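Please read the structure below before turning to the comments.
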Amino acid sequence: MLRVVSWNINGIRSPMQGVVCQEPSNCATMAIGRILDELDADIVCLQETKVTRDVLTEPLAIVEGYNSYFSFSRNRSGYSGVATFCKDRATPMAAEEGLSGLLATQKGDVGCYGNMDAFTQEELRALDSEGRALLTQHKIRTQEGKERTLTLINVYCPHADPGKPERLAFKMRFYHLLQIRAEALLAAGSHVIILGDLNTAHRPIDHWDAVNLERFEEDPGRKWMDGLLSSLGCQSGSHVGPFIDSYRCFQPKKKGAFTCWSVVTGARYLNYGSRIDYVLGDRTLVIDTFQASFLLHEVMGSDHCPVGAVLNVSPVPAKQCPPLCTRFLPEFAGTQLKILRFLVPREQDTVLEQSALQLSNQSKVQTCQNKGRVRSTRSRPSQAGSSRGQKNLKSYFQPSSSHPQGSPVLELPSLPGMGALITPKTSEEETLTKVAEGQAKASEAKDEKEVQTSFWKSVLGGPMPTPLCGGHREPCVLRTVKKPGPNLGRRFYMCARPRGPPTDPSSRCNFFLWSRPS
């Protein structure tokens, strides 16, 4: 059996919420290994890794028992990116980054690019510059003992932002390029699986609110999927497209089978999401070898859940990993020069070490002798001077009972009434005076603090009490507007319950209140 799993991980360096880590400092490193073990798949395809090559660490890239392949975003850091982890028993014979072939190295590549005359070179570079596609080609053996070629296309398709029309055009061009490459591989005799985040809910059953969406069926992404996919079900019926949605092949009418939810609104608690993650196989492969297709709702840690499929074939591992494998990168293969190699000798002779030690000892002895000579040449203070010792600074301020005859005595001029003004105090009186002064200062400070507190309380009314939502009479949650516009940065109150269907009384109500007037 061959088990493949796809998951939009929403950041491979972030500690997974679904993994309990005993050592927080090593959590990100341990998490990826535990996630792979939990998914227990021969091939794991991850999307939205949000990592570039300069920040990729060896523990994340090289996991024992797996060989991994990464595609990075060339334009932005912490954005997009896909990765494929293959067990050693499913080592691919070829791997390639991107769909256009412009990122190919001509060694260990998958090939079969199709006719791309409809694209300019600049457009192809732009489509492959965000790290959204990664291909691995494997040998598989059927139950009849025949060997076949299987190509997996791990994709993270672009999201069409309603406020950016150019991104919709970019998304559709990416779809077009993906279909050209997949069909070219099919024409060359390879089986093909397209899996990952396609960022489109195909049918109304795949979206929680398809009824209220305007012109749902007219969406360009859904029309493209209509042309790519065959009709639902695995029966050899009317042919529409070269690929089959494997999940709907086994679960054609299952409702609520969603793979993505909004984290901000807590929509996952009430399963208020959409299905935009797929495992699409070519028609012959799905009908002949697919045993199951599934969603792993119980796996947490991202705003998506993993999806996967089980094929009734056996992987045939390649003898050597393709050059794209991360273990061959210079920074992980031990071939990259480091600064320490320029500062520390790679080999040190023992004779040199002993000679250096002898020279060091000789220099220390010479230094001690020189210091001894310097001390001997210094003039020693006289015995009479040493008997007096150094005076304390207080001796200049405290009156002395006896003065040397040679030192003059300064007398303060006598002022009239001086004796009447200055009266000596006993230690008890001084203590009582200090205590009284301290109490007076503390009382004054307390009174001043109370005055200031009362003043600011009269000026500032304090925070507004949290209002109760109208639907459930429960305390609301405070949110901030992040969408560009006149209300950017303003804060408002809304129902704290998770978002769900309007007909569900346990879901969020429509309460809304600005925290302060504009």
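Glycine is no exception: its Cβ is also placed from the backbone N, Cα and C atoms.
In sequence order, SER6, ASN8, GLN47, GLU48, VAL155, TYR156, CYS157, CYS260, ILE276, ASP277, HIS304 are the residues near ASP197 (active site, proton donor/acceptor), counting only same-chain partners six or more apart with C-beta under 8 A. For ASP197, the entry in TrEMBL reads active site, proton donor/acceptor.
Residues or ranges marked as site 'Transition state stabilizer' in TrEMBL: ASN199. Cβ neighbour count for ASN199 (site 'Transition state stabilizer') (all protein chains, 10 Å cutoff from its Cβ): 21.
What TrEMBL records for ASP277 is site 'Important for catalytic activity'.
The annotation site 'Interaction with DNA substrate' is assigned in TrEMBL to HIS304. Just so you know, the Cβ of HIS304 (site 'Interaction with DNA substrate') picks up 22 other Cβ atoms within 10 Å once every protein chain is counted.
Annotated region 'Disordered' per TrEMBL: 363-431, in sequence order.
According to TrEMBL, the feature compositional bias 'Polar residues' maps to 379-405.
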Around the Cβ of ASP277 (site 'Important for catalytic activity'), the count of other Cβ atoms that are within 10 Å: 24
